[in-house]
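**Student:** Structure provided below as structure tokens; questions to follow.
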Amino acid sequence: MLTQPINLPKWLEENSHLLKPPINNYCVYNEGFTVMIVGGPNARTDYHINQTPEWFYQHRGAMLLKIVDPTDNNTFKDIIIRQGDMFLLPPNTPHNPVRFADTVGIVLEQERPEGSIDRMRWYCQSCKEIVHEASFHCTDLGTQIKAAVEAFKEDEEKRTCKKCGEVAAWKPAEGSLKDPNLEEA
């Protein structure tokens, strides 16, 4: 069945209460593609890895996309996506979307091909080693990512780095993230 257009400002006015932590997303379409409206703030330390690209459009405010760049020796990098910007993230790029208060974006993801595996990965803040990784075939972004984040949060053993022994945080430390909305472009 053909759907009707969504007026984004009106949808936000009527439905912003649906954007709840820890992911703060709401799937508005989920047939062939998943189209999510995502609000801020969110506070997570995981990096999501999926085998298909992700398209980001920032409707209101700026967001920070933390990545581990597989094309540059797995270097940790920050990409700022400002209001009005769009960005296509290549497949298999570990990424942590950080959204700040009063920001809204749209994320578009392909339906996962049969047999594809999504991963949620946490890195040690001290030595950058992988602390924990959860994997699953993603059929429902809204629930599966949240479940992986909650399981990591509740299990200190999963959060303990095998290399240096540091216990990884499940949310960023207060003041550790620089809000690009408070800077000049």
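Here the Cβ of each residue, glycine as well, is placed from N, Cα and C on the backbone.
The feature O2 binding site is assigned by Swiss-Prot to R44. The Fe cation binding site annotation in Swiss-Prot covers H48, E54, H95. According to Swiss-Prot, the feature substrate binding site maps to E54, R99, E109. Annotation source Swiss-Prot lists divalent metal cation binding site at C124, C127, C161, C164.
Are these features on the surface or tucked inside, and what are their neighbours?
**Tutor:** Cβ neighbours within 10 Å of R44 (O2 binding site), excluding its own Cβ and spanning all shown chains: 25.
Its Cβ placed at the centre, E54 (Fe cation binding site) has 21 other Cβ atoms within 10 Å.
Cβ-based neighbour count (10 Å, all protein chains) for C161 (divalent metal cation binding site) stands at 20.
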**Student:** For R99 (substrate binding site), identify the closest of the binding-site residues E54, C124, C127, judging by Cα separation.
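**Tutor:** Ranked by Cα distance from R99 (substrate binding site), first place goes to E54.
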**Student:** Could you state the CA-to-CA distance between C161 (divalent metal cation binding site) and E109 (substrate binding site) to the nearest Å?
**Tutor:** 31
**Student:** Looking at the binding-site residues listed here (E54, H95, E109), whose Cα lies nearest to that of C124 (divalent metal cation binding site)?
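**Tutor:** In terms of Cα distance, C124 (divalent metal cation binding site) lies closest to H95.
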